[in-house]
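Have a look at the structure below before the remarks.
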């Protein structure tokens, strides 16, 4: 059973932090280009990353280029395109490549067909494709059928449903696989994973985090594998602010203790 999340984690423990972006750190907007992560939330993430020796990553369906732009001026480890591309703490990238001929043929087919559905949008991500229908929900079934046809023609591709979107991505890639990969690397290894996400695309991440004995947090309504729930993005912001406030207080207390110890020694 998923429980409401009302408390922050014990700060003395070692956590590895993973955050989805759209619908978790930032409100969903009619168009992806309109999404913004508030400056104070980015500052909080940086503080949390520093306190955790860098063990914080953004896990998203967006590309890593988009994630870096949204996280400026900070630079975090990332998993983009649902794990099809990943950047570790050292800046090394791990990318699943799609043969150029396949990517080109899929793109041509999708561009040709999606023109029949006004309001629907095709987002090409190199090795993956997203069919957005937030502005044209009446086309959901048709776009799902289109995506299924693509995966039948190219079985190395798989479907990933999300909120008002269906994605076509390399088979075997997922947010869960990305989190599992991070958890095998420094500085994440040996820590307890915490993952916050709002969408169907995040369920694979929840499954991995649960298996590792971590904290999985669903944002919003709907059935989920997550153990905890926050009602919406403002609740995520409030929860993060509680954590960062506690971290700052802990840091101030440590400085005070260090000063007192120094004073007694002279």
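Glycine is no exception: its Cβ is also placed from the backbone N, Cα and C atoms.
Note that the structure is a prediction, hence the values are computed from the model and not measured.
Annotation source Swiss-Prot lists substrate binding site at 20, 21, 22. Counting Cβ atoms from all protein chains shown, residue 20 (substrate binding site) has 25 others lying within 10 Å of its own Cβ. Under the DSSP three-state reduction, residue 20 (substrate binding site) is assigned to coil, being neither helix nor strand.
Long-range Cβ proximity for residue 22 (substrate binding site), meaning a same-chain Cβ under 8 A and a gap of 6 or more residues, is found for 28, 32, 35, 60, 61, 62, 198, 199. Residues annotated as Mg(2+) binding site in Swiss-Prot, with similarity to another entry given as evidence: 20, 22, 198.
Positions annotated as active site, nucleophile by Swiss-Prot: 20.
The binding-site residues examined here are 21, 198; by Cβ neighbour count within 10 Å, the least packed of them is 21. Each residue in 19, 23, 24, 25, 26, 58, 60, 61, 62, 197, 198, 199 lies on the same chain as 20, 21, 22 and has a C-beta within 8 Å of the C-beta centroid of that substrate site, without being one of the site residues. Secondary structure at residue 198 (Mg(2+) binding site), taken from DSSP and collapsed to helix, strand or coil, is coil.
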